[in-house]
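*Asks:* Per TrEMBL, the feature [4Fe-4S] cluster binding site maps to A:Cys355, A:Cys416, A:Cys419.
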Amino acid sequence: MKQPKTLYEKIWDAHVVDQRDDGTALIYIDRHLVHEVTSPQAFEGLRNAGRKVRRPDLTLAVPDHNLPTTPRLDAKGNNIPIADPQSAAQLEALEANAPAFGIKYIGASDINQGIVHVIGPEQGFTLPGTTLVCGDSHTAAHGALGALAFGIGTSEVEHVLATQTLQLTRSKAMEIRVDGLLGPGISPKDLILHIIGVIGTAGGTGHVIEYRGEVFEQMSIEGRLTVSNMSIEAGARAGLIAPDDKTFAYLEGRPMAPKGADWDAAVAYWKTLPTDDGAVFDKSVTINAADVAPTVTWGTSPEDVVPVSGTVPSPESFADPSKQDAARKSLDYMGLEAGQALHDVAVENIFIGSCTNSRIEDLRAAASILKGRKKADNVKWAIVVPGSGLVKAQAEAEGLDRIFTDAGFEWREPGCSACLGMNPDKVPAGERCASTSNRNFVGRQGPGARTHLMSPAMAAAAAVTGRLTDVRELTR
Amino acid sequence: MKPVTRVEGRAIPFGQKNVDTDVIIPAKWLKTISREGLGEGAFEAIRAEEGNIFDDPEYAGANILIAGDNFGCGSSREHAAWALADLGITAVIAPSFSDIFSGNAFKNGLLAIAVPQAAIDRLMEVARTDPITIDMESMSVTTPFQDRFTFEMDPFRHQCLVEGLDEIDLTMAKSDAIERHEKNSDSAKPWLTPVAA
């Protein structure tokens, strides 16, 4: 009998080009997504060394991080220039580098443009059983479709462009098993925030996490993308969820997905990928789904989570002295007091978007809360940023844009937006933001900005009440 | 890449845990198309504070940074490694590093040296007054006071650093194996080539 293998081991083994005696291996990369921020120095490196892109056909370039989310075309259909000269130069570099190296480029005003991690699955570029990389840590998202997907630095981007491979050390396999199902009103975002709270931001370091259990089988692909996306927030370079009929149904007919006989052959192969019975994980964590409540972050690390019905923890409640110190600094930065009820915390800004939560189901969830309601007066700035032009068009076809604008939200063009404070969408210093993004680091949404991470429905609920709110109060 | 066999000098006893990449270099500095000049934005929020350790004259010219657990967590931005290098840092010593950061550091010849917390505690103390030495041959961190802490490193990375090898050149020397892999997968998994949309 063959040795039982995990999904991770199967994908790894199928991509070893050359195994070194010291345990590292040259791994073939099937898919490479490129964006404007982490690629210019890589293209420059290729140019300086006189190298070509080995497989432009396996590479896809799209701008997302820097791009303003305000309208891109004027009334005559001409591009509106980008005000920030540095951003403009970086975007122009990608626009020039992609065709110069023969890479397909989806431009800013193309309806297919969007956040790299939204368009990969959406275009059928991301496939189960493939290795996929991008110079962005949230590449972990694509593991939702059963792809071994991880973020890389710019030197690695250059290495993949030149050789279509990476020299890697095999990670350990970690299982996060979730028992039971999520309660009503509890979303995949609540689940992944809860998981990060349990294992910590270094809990998955050196590991690839496979998420297992019925909750993931029942979860939509978009929900799975939200979960796998934040694997990096738990320290794991990649997350994985076994491909199943939902995965195949999601991918079938997507523009870049296999067609006809190729599709059938692909599905037959993908069905062999799930972890075998008896396969051994290096580390295993069990989570009880019944423990997951609508969750928000209180501090400046994604592990600083608490049910929204709870209170801000006291620094002394942590066993580790350095965590106590970090908690004190976080509370100071966040302007919170130990023991304060989270639902008393007022928010001035709402951000619905990012590669974690900007897909159509996210927008539907937020709109279902906002329908017929308005944002509270103390909410000064509320924006919805669809993850791609296709998501935006779908939302508009469903009338969701009207629900958002009627509620007092701005309806924006696709991009990374206020997730990372590098384009014009920023949260002012000292103000709070109920945000569906993935990182609540100091200064992440702008210098001095105070981020509370949560699900789209919870961000919508916060917009309505003007404070952190258990969304279930609005749905009863 | 220049070979790195030994790093010697004063170290900044920073010591913080979970230092994320947004702390090392905030996103607004990522708009550059160059690898140079990022030191200006390095630890920007911390350096805005009066009396911060990075601007302490005691550590002027220090080339080693001592930090806590999980250094470099967060984003994949190689700008974090470039910013440290631009600050003049040639080695970071911490109990652990995020996977992506340690890879990025390696690619830039910046040493990411993992030693246990007890060793960190001692090095933090020494760093206040005296220099520290990292020797790649013996894979050890030493102080002028007979302290000696050994560390481990992925053998491939160790070899590349010590010999100053260019990784892309090394991989390109294996182009036969890469071609073989491509031929095999073209015949076994023809669906792997994306449909040109």
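Residue positions begin at 1 at the first shown residue.
Using the three backbone atoms N, Cα and C, a Cβ is placed for every residue, glycine included.
How buried are these features, and what lies next to them?
*Replies:* Look at A:Cys355 ([4Fe-4S] cluster binding site): DSSP puts it in coil.
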*Asks:* So if I measure Cβ to Cβ from A:Cys355 ([4Fe-4S] cluster binding site) and keep only same-chain residues at least 6 apart in sequence, which ones fall under 8 Å?
*Replies:* A:Ile115, A:Val116, A:His117, A:Val118, A:His138, A:Ala141, A:Asn229, A:Gly387, A:Cys416, A:Cys419, A:Asn438
*Asks:* Could you check the binding-site residues A:Cys416, A:Cys419 and say which one's CB has the most other CB atoms within 10 Å?
*Replies:* A:Cys416
*Asks:* May I have the list of same-chain residues other than A:Cys355, A:Cys416, A:Cys419 whose Cβ is within 8 Å of the Cβ centroid of the recorded [4Fe-4S] cluster site, in sequence order?
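*Replies:* Neighbours within 8 Å of the Cβ centroid, excluding A:Cys355, A:Cys416, A:Cys419: A:Asp64, A:His65, A:Ile115, A:His117, A:His138, A:Gly353, A:Ser354, A:Thr356, A:Ser358, A:Gly415, A:Ser417, A:Leu420, A:Ser437, A:Asn438.
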*Asks:* Should A:Cys416 ([4Fe-4S] cluster binding site) be counted as helix, strand, or coil on the basis of DSSP?
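*Replies:* Once the DSSP labels are grouped into three classes, A:Cys416 ([4Fe-4S] cluster binding site) ends up as coil.
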